[in-house]
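According to TrEMBL, the features are:
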type: BINDING; residues: Gly97, Thr98, Asn99, Gly100, Lys101, Thr102, Thr103; note: ATP binding site
type: DOMAIN; residues: 15-83; note: domain 'Mur ligase N-terminal catalytic'
type: DOMAIN; residues: 95-279; note: domain 'Mur ligase central'
type: DOMAIN; residues: 303-419; note: domain 'Mur ligase C-terminal'
Amino acid sequence: MNIELLYQIFRQYPIITTNSRICPTNSLFFALRGEKFDGNDYIMEALMSGAIYAVGDRNDLPENERIIKVGNVLQTLQSLANYHRKLMNAKIIAITGTNGKTTTKELIATVLSSKYKTLYTQENLNNYIGVPLTLLRLNSEHQFAVIEMGASHVNEIRMLCQIAEPDYGIITNVGKAHLEGFGSLDGVVKAKTELYDFIRDKGGVVFANLDNLILKEWYNSFSVIYYGTTSKAFVYGRMIGFDPTLVLEWSKNSNKNKIVTHFVGGYNLENILASICVANYFGVEDYRINVVIANYIPINNRSQNCKTKKNNLIVDAYNANPDSMRVALDNFYKLRISPKMVILGEMGELGSYSKEEHQKVLNSLWGSKVDKVFLIGRNFEECLLPCSGWKLFRQTEDCLEYLRMTSVEGYHILIKGSRNNQLEKIFHYL
């Protein structure tokens with residue numbers, strides 16, 4: 001079946017599902033394949049569970065008027081999303097970057113939503129499946145779509161751009177993450193700037209951090225709207241407090257605005273300025289921007305300040321790489337609080353750089369005034385511990401067992417680590 005005919009079916013039944021166990025009535029089930037499963041095996045289950053049609057790509061599928069056979073289910077899903085995107089009038093803003101892309105996406109979407117009908121990426125649906133699923137939620141009422149794009153290999157951002165065809169783009173920053181896939185920092189830069197390449201070729205607009213020295217060399221090749229910390233930028237601002245949460249002052253022209261945020265960490269300044277810049281460019285009034293950002297509360301273990309009965313937790317445990325680990329620790333060192341404790345989970349996907357980068361973290365801690373240190377993960381085990389008093393756990397469950405037996409009270413605790421550590425398991429015992 002060609003895309004035009006499939007699209008007519010989608011317009012009649014615009015609910016997409018890829019999970020045979022969750023098939024709303026009259027939904028379209030796309031039988032995607034994974035490393036350990038084949039969605040084609042669950043087509044009949046999906047049809048019995050509520051799906052009106054199922055899209056499959058295996059030759060041995062039975063002849064059934066409710067089974068739509070295609071050459072490749074994933075490519076069909078992506079093509080359908082692109083076809084739908086072309087027919088919608090919403091302005092598409094794509095966001096990628098090593099750190100801050102999800103926070104920036106949430107802020108931009110929240111501020112734009114104060115004035116415009118805005119669709120945005122839910123949770124972390126930022127890959128070759130999530131981006132199409134997000135685009136297929138667009139309707140004629142949407143004025144903006146804020147699409148997060150993640151990648152762990154070169155050419156992935158390029159492919160996502162070909163699906164979403166963004167009109168505007170933001171790269172929050174580039175740093176040492178997914179080095180197993182990218183190979184080096186240069187590989188990260190090459191991969192992320194695929195977004196710039198697409199925006200340039202399309203004649204779109206980029207929102208860019210004027211302070212970012214790594215990305216600056218690309219800024220002359222397309223239309224750029226700047227944000228940053230100097231008055232040369234379209235929107236500029238500075239941090240005027242961060243103990244415990246970030247307070248900033250921002251300006252466009254000579255109008256000064258002050259926002260007291262719920263964010264922990266001065267490193268969130270650039271994420272907030274990016275959202276202010278985008279909102280300003282699209283005509284969102286200053287008062288709306290200030291109120292929305294002041295009221296925004298971080299969720300999902302991203303830059304959260306949580307008080308328990310025993311301790312004060314600074315939780316930034318959704319993910320970690322060398323750059324985000326460094327800025328989180330640097331910010332924690334500067335806070336005028338005591339006693340201090342850190343619980344760090346290992347960083348993943350660093351390949352041959354892993355031992356070196358984990359050792360840098362430990363060396364940084366050795367020179368700080370942190371009173372108690374818990375380290376979790378095999379990558380830390382391979383390093384030289386500068387202090388014999390630090391606690392080292394092979395996995396989160398081992399730390400959890402220790403905390404069940406030993407109470408930790410009265411500390412200001414930074415919790416930081418990669419998602420695979422599942423550090424949220426220990427919150428209950430802190």
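Every residue, even glycine, has its Cβ placed from backbone N, Cα and C.
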### Query
Counting only residues 6+ apart in the same chain, whose Cβ is under 8 Å from the Cβ of Thr98 (ATP binding site)?
Thr172, Asn173, Val174, Gly175, Lys176, Ala177, Val188, Lys192, Asn321, Asp323, Ser324
### Task
Other than Gly97, Thr98, Asn99, Gly100, Lys101, Thr102, Thr103, which residues of the same chain sit close to ATP? List them in sequence order, counting a residue when its Cβ is within 8 Å of the Cβ centroid of the site.
Ile95, Thr104, Thr172, Asn173, Asn271
### Neighbourhood of Lys101 (ATP binding site), C-beta criterion under 8 angstroms, separation at least six
Ile95, Asn126, Glu148, Met149, Gly150, Thr172
### Task
Give the sequence-ordered list of residues that share a chain with Gly100 (ATP binding site), lie 6 or more positions from it, and have CB atoms under 8 Å from its CB.
Thr172, Asn173, Tyr267, Asn268, Glu270, Asn271
#### Entry: Secondary structure content of the domain 'Mur ligase C-terminal' (303-419), with strand meaning DSSP E or B
44 helix, 28 strand, 45 coil
